[in-house]
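As recorded in TrEMBL, the features of this protein are as follows:
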DOMAIN    7-73  domain 'HMA'
DOMAIN    113-179  domain 'HMA'
DOMAIN    213-279  domain 'HMA'
DOMAIN    315-381  domain 'HMA'
DOMAIN    391-457  domain 'HMA'
TRANSMEM  481-500  transmembrane segment
TRANSMEM  536-559  transmembrane segment
TRANSMEM  571-593  transmembrane segment
TRANSMEM  605-624  transmembrane segment
TRANSMEM  767-791  transmembrane segment
TRANSMEM  811-834  transmembrane segment
TRANSMEM  1186-1208  transmembrane segment
TRANSMEM  1214-1234  transmembrane segment
Amino acid sequence: MPQAGEVMLKMKVEGMTCHSCTSTIEGKVGKLQGVQRIKVSLDNQEATIVYQPHLITAEEIKKQIEAVGFPAFIKKQPKYLKLGAIDVERLKNTPVKSPEGSQQKSPSYPSDSTATFIIEGMHCKSCVSNIESALSTLQYVSSIVVSLENRSAIVKYNASSVTPEMLRKAIEAVSPGQYRVSIANEVESTSSSPSSSSLQKMPLNIVSQPLTQETVININGMTCNSCVQSIEGVISKKPGVKSIHVSLANSTGTVEYDPLLTSPETLREAIEDMGFDAVLPDMNEPLVVIAQPSLETPLLPSTNEPDNVMTPAHSKCYIQVSGMTCASCVANIERNLRREEGIYSVLVALMAGKAEVRYNPAVIQPPVIAEFIRELGFGAMVMENADEGDGTLELVVRGMTCASCVHKIESTLTKHKGIFYCSVALATNKAHIKYDPEIIGPRDIIHTIESLGFEASLVKKDRSASHLDHKREIKQWRRSFLVSLFFCIPVMGLMIYMMVMDHHFATLHHNQSMSNEEMIKIHSSMFLERQILPGLSIMNLLSLLLCLPVQFCGGWYFYIQAYKALKHKTANMDVLIVLATTIAFAYSLVILLVAMYERARVNPITFFDTPPMLFVFIALGRWLEHIAKGKTSEALAKLISLQATEATIVTLNSENLLLSEEHVDVELVQRGDIIKVVPGGKFPVDGRVIEGHSMVDESLITGEAMPVAKKPGSTVIAGSINQNGSLLIRATHVGADTTLSQIVKLVEEAQTSKAPIQQFADQLSGYFVPFIVFVSIATLLVWIIIGFQNFEIVETYFPGYNRSISRTETIIRFAFQASITVLCIACPCSLGLATPTAVMVGTGVGAQNGILIKGGEPLEMAHKVKVVVFDKTGTITHGTPVVNQMRVLVGSNRIPRNKILAIVGTAESNSEHPLGAAVTKYCKQELDTETLGTCTDFQVVPGCGISCKVTNIEGLLRKNNLKIEENNIKNSSLVQIDVINEQSSTSSSMIIDAPLSNAVDTQQYKVLIGNREWMIRNGHVISDYVNDSMIEHERKGRTAVLVTIDDELCGLIAIADTVKPEAELAVHILKSMGLEVVLMTGDNSKTARSIASQVGITKVFAEVLPSHKVAKVKQLQEEGKRVAMVGDGINDSPALAMANVGIAIGTGTDVAIEAADVVLIRNDLLDVVASIDLSRKTVKRIRINFVFALIYNLVGIPIAAGVFLPIGLVLQPWMGSAAMAASSVSVVLSSLFLKLYRKPTYDNYELRARSHSGQRSPSEISVHVGIDDDSRNSPKLGLLDRIVNYSRASINSLLSDKRSLNSVVNSEPDKHSLLVGDFREDDDTTL
């Protein structure tokens, strides 16, 4: 029975935090019977296991890992390793456990032979079992017996598959590789094998080749052969790398590696860490070169295998990803998905919240890919309508004459790979095409059509922000106003003439006490009062003729809008206007017709002057309102206008030399195009710089005033402006996927969203119109009743009253005038405008200052916030460890400081630990170099430290000595100047950097770097002084690391995550605004307390797990507090979503999409203050707007209704409409005042804070561990401690000036402090 092949299994293991976890799992699982080998990766949180399925199952392995305390999930179905021979290299590297009784279980082959080997170098039973277990796992060995006494091994094997010489080499390769083996006798074959003779001649390298894969990495940024050598030198030393060949011409590196020990992504990151840009190609499914032997496959390579094995069909799917907040989320998803089997390429668009994945449908399906993304902690959903990712293109095609042209274009295009659908319309000359942007682009399609002899061009899209500038509405209302004004001026002229004449007759009547008959006679003798027909005067006829065009031409828009509103059972502003004008017009017309019918001698008094005057004021109000509204959307229009309209696409040859360039429309840019951007030009799309250096102005997008330096590998944002150098960029996101398009979309959505306060206003407006109609009718009825009851009131207070008209007409006219004025003055518009205009201006101003507020609700909520919760890592601190201090513990004559730096930097350069990377970075900066020495025998002990040997640092020190010498010459001249000035030479000795070491040796240094335990374990004694220094650093939340070189303790390095320079100021200002500030972190309480004391936070929740952050926010909300959560978003998304206002701090363009309500484009904590400040200002403005709107209505309506008639306050209808127009305009102008908002600068804040600033002493800080509220307060302070604290606080306030100067980390020291050596406590000092 043939033995089953080995199986390789990948498992996701959660909860590992350090290398001790990985070694625990490797130790436990490696001992299991049937497990051949195991490699656990801490970075990838996964375990790769090779096992024998007939001895153990994947489920049993999973249970064993879970028994150790780590949740495990099978990532991929176990796959049989195939195609290959004996894995000799693996036997060298990994001790392989043999299943007991393997001799009995191994099968016998039909053509078994036996060979005896003499083995020198065995010492004990362990050697025997090593050899037996190693060879019994080989599939062609049926049994092996090793005798320690006889120093021999008898091996039964399948002669048709393997030769004694191969077996001899296999035994020699067994760990530790010190056995000398010779064949004792010729082979005794139990059955002849026809193929054994051919196998004897087979080259051995097929057998001894290990499990190897090959990958090609694109490397940009190499300039010469020294770059090539340094990459090859560093990468070849990485574990698992068999060979590497870097080509400078092709900018690629070809790496052969062991997939159990490393992965293409790890290698790519290693190359990037060296300062080059490394990209894995899309087709990155590694090629399996040699794997474990399999019985089914013939050992000799077969020639008849199909070529297309490695190129399975590609499919593409789109997945909606939620919960991404910044670029690290994108990188996390892309990196992890690329590792999965069957996935070729992943492109994640942060702003669109979408991932585009190309995969092999035979291996993996979209729901499984979505599940992988969910495992990473994001929400993922397969987008069913995958067309969303397909490009759609609309072209104008000229030159078509008949249906055959249409057919020709359609058939040619649909034959093209990547085009799904094509429809050409002869009548409109348009072509509609759907295509896959991965395979083909708009330019290719246009070229194809042009090659057929037609002309093709894009249908021009309206790129301007015309829908935002209200130009159409402004034009419409301007025209409406002018038309109404043209007819209104004569009406007003007639009205003024009649008022003057009435007044004149009234005085006559008063003075000469004429009778009513005489009055009527004189009145009718006036020119305008002459009757053309009985009952129809010239005045009334002119008024009617002037009113008709205004009522039905000028007012046409209102009639349409009012009809639409009533049809939907709603009542708006237009309904009121139509009611007022139509009632006035209809009433006047009816009265006139009745007078003509009755052939009245006295002309009736009409209201034909009301509609033209109403429409004039309403049109004027609307015109001004739209001009103002256009201004409110300026910010968004400005963002839209940033988009470039053209791009210069260049073609490069293999040497990166420019072959050609062409100008194309920005819509024609395809992903992967190389675009040239000249100085002063706009970036048309998002991309990555591939060549050139420049400064780029991103101020309009990120709000960052300073230009940003760009070099190869930097990302650029569409719409930003290139300043001084020419750049070549490769397009990564085009069209609607660019950051700019997404920001525009986000701001647009924000401006159209409603604040809760506005919903109240909308509800109010709904009841407002019916209420006003009711008030208007009530006014009419009340005044009619009052008039008939007590005519003297009307007679006294009615300004237009004259004796020539009857009493009844006077009463009805007065009542009508009051009710129409009520309709005119009431304005729900200003209520409706109060919130949206302020929100629009507020969000626009925010966007210009790099604060993206997602709509009215967060804008309104932010001012109610009472507690601001800060995440620590990446928010209050930078999020990456930095060396704070390096203290030299030996005299510089024994080991100079630079030498220590060179040795330590070299030693740590092989470490993958973040602290090691921080030390290497610090050493490189201090020595001003990118290359370090050589490190050998590197060993890492998780949780303790490293040990290694360092050589080749002499060249580095020699280069540094030259720099020191130059500095010393410069500095000594400085000292001489100072000596002349001060007549003192005390400071001259301080200036010399370091003694020069001229001795050039190539010695080897033995280095140990680690914590106390590591030093004690290696026999070093730590003095009390050094121990006290370490304790002091640890109290401040730093990690203290010791260094020994050649068994001498010579350095102490303090490493910590540093606080952002503006953090203390931001916290102080938030407190001065009356907010409670809380720090929440997963870090230990000691570090949390230290960070809190540095920034002035007094309440800290330490050791809080990401999932518990949500619970903590909820707990604060249950106390009745409104909570704002500020996070960098990587693990804070749930808490950001739970908080009343989630504020995500982006870096550059990384805009948080899902969780946060407010996104700060710049990584600046002062923007948190600015966002709350802006919110408060906006809400204040909304309240002022409501006051404006309500005052007009609350005061205006009673006046119009005639309530204040006794004190002489009377309004005409036209006065009412003027007041109504004024209310809308005043509200919009009030909102526009927000445009004057200026974000306070750092200096302004500092001036405000300077008088109060001061760090907290740790004793004032209450630290709560976990999410329960039991705080670990410091012990009660005695009197002496209180006095010390009080004096410390006083000194702090005195030194606050100095601190504010030093709070900027990179502040330049002045010349004097350099000379005198005024070092602060945390500077690098030499003891």
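Using N, Cα and C of the backbone, Cβ positions are placed for all residues, glycine too.
Just so you know, TrEMBL annotations never went through curation; they're auto-generated.
These numbers come from a predicted model, not from an experiment.
Most Cβ pairs within less than 8 Å of the domain 'HMA' (213-279), among stretches 7-73, 113-179, 315-381, 391-457, belong to 7-73. Counting Cβ pairs closer than 8 Å and at least 6 residues apart in sequence, the transmembrane segment (1214-1234) and the transmembrane segment (605-624) reach three or more and so form a contact. For the transmembrane segment (536-559), the neighbouring stretch richest in Cβ pairs under 8 Å, chosen from 481-500, 571-593, 605-624, 767-791, 811-834, is 605-624. For the domain 'HMA' (7-73), DSSP puts the residue distribution at 23 helix, 22 strand, 22 coil. Residues 473-474, 477-478, 480-481, 484-485, 487-488, 491-492, 494-495, 540, 543-544, 546-547, 550-551, 554-555, 558, 577, 580-581, 584-585, 587-588, 591-592, 800, 805, 809, 813, 816-817, 820, 824, 1213-1214, 1217-1218, 1220-1222, 1224-1225, 1228 of the same chain sit 6 or more residues outside the transmembrane segment (605-624) yet have a Cβ under 8 Å from a Cβ within it. Among residues of the same chain six or more beyond the transmembrane segment (481-500), those with a C-beta under 8 A of the stretch's C-beta atoms are 528, 539, 542-543, 546-547, 549-550, 553-554, 608-609, 612-613, 615-616, 619-620, 623. For the transmembrane segment (767-791), the list of distant contacts is 571-573, 575-576, 579, 807, 810-812, 814-816, 818-820, 822-823, 826, 828, 831, 1197, 1200-1202: same-chain residues at least six beyond its ends, Cβ to Cβ under 8 Å.
According to DSSP, the secondary structure content of the domain 'HMA' (391-457) in residues is 23 helix, 24 strand, 20 coil. Proximity of distant same-chain residues to the transmembrane segment (1186-1208), defined by a Cβ-Cβ separation under 8 Å and at least 6 residues beyond the stretch ends, is recorded for 761, 772, 775, 779, 783, 793, 797, 818, 821-822, 824-827, 830-831, 833-834, 1216, 1219-1220, 1222-1223, 1226-1227, 1230. Sorting the domain 'HMA' (213-279) by DSSP state (H, G, I as helix; E, B as strand; all else coil) yields 22 helix, 24 strand, 21 coil.
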